[in-house]
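Input: a single structure, listed below in structure tokens.
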Amino acid sequence: MRDIVIIGHKAKTSGDFSLNDLPGSAGRMDILCRCVSSALFLSFGMRRDVNVHLLLLGEPEPGKIIRFEGLHLRYLNPDERSSGSLIQKALQKTVTEKDIRSTPGVWVRNGDLNTLLASFEGRTLFYLREDGEDIRGLDREIRDPVFILGDHMGVTEEEEKQLLEAGAKIISVGPISLHSNHCITLLHNELDRAEAERGEIPGGEKLRAGE
């Protein structure tokens with residue numbers, strides 16, 4: 001399983017935004033939508049072994065978590081408007097501290113970064129930062145990872161402190177700063193290659209002899 005967390009510092013936490021203006025009315029929700037697509041879509045299908053967690057910290061009620069489960073997800077297309085619509089529907093629910101299903105494969109709850117980190121107890125956490133250790137030196141060792149990325153604002157000092165206290169390893173996908181969705185694509189590529197070298201089909205299945 002691969003879990004990917006994206007922190008949206010300005011992402012709106014109510015559903016009253018326009019799907020025609022995701023960058024403006026929704027607080028750069030377009031960035032999160034692109035991350036959802038990069039994390040989940042293949043050329044002719046979807047990564048069923050991936051979960052995406054969007055941490056929304058914008059107004060009016062900062063601290064909501066929307067989870068996209070690749071295994072159960074339906075009604076998602078690769079365009080930003082499609083993922084934006086599923087996010088909007090989730091935010092229109094009456095949200096509590098417990099997971100509430102919005103649509104198949106999409107769940108919403110109240111929570112913050114510590115809430116997410118607690119849910120990943122026992123997992124290996126990786127925090128992406130430009131000056132981190134190159135993933136190419138680690139990709140063959142990575143199993144059942146959780147990756148945490150910031151949005152266009154990066155990660156705050158307090159968030160970084162929480163990540164490091166939780167034991168997150170700082171890694172990088174390259175020497176220059178990239179958009180979050182591009183980082184996700186590169187992460188998948190490195191892990192896919194490592195899995196293929198181990199005789200696995202990305203997704204956790206073993207290649208049969210002769211295939």
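These residue numbers are counts, starting from 1, taken along the chain as shown.
Backbone N, Cα and C atoms are what each Cβ position is placed from, and that goes for glycine too.
Remember, it's a predicted structure, so these values are computed and weren't measured experimentally.
From the candidate list Cys35, Cys183, the residue Swiss-Prot records in the S-adenosyl-L-methionine site shared with Leu128, Gly150 is Cys183. Residues near Gly150 (S-adenosyl-L-methionine binding site) in space but far in sequence (CB under 8 A, at least 6 apart, same chain), listed by position: Ile6, Ile7, His9, Leu128, Glu159, Ser180. A 10 Å cutoff on Cβ-Cβ distances gives Leu128 (S-adenosyl-L-methionine binding site) a total of 24 other Cβ atoms nearby, all chains included. Excluding Leu128, Gly150, Cys183 themselves, the residues of that chain whose CB lies within 8 A of the CB mean position for the S-adenosyl-L-methionine site are, in sequence, Tyr127, Arg129, Phe147, Ile148, Leu149, Val155, Leu178, Ser180. Taking every pair among Leu128, Gly150, Cys183, the residues recorded as binding S-adenosyl-L-methionine, the greatest CA to CA distance is 11 Å. Cys183 (S-adenosyl-L-methionine binding site): 24 other CB atoms within 10 A of its CB, across all protein chains. According to its DSSP assignment, Cys183 (S-adenosyl-L-methionine binding site) is helical.
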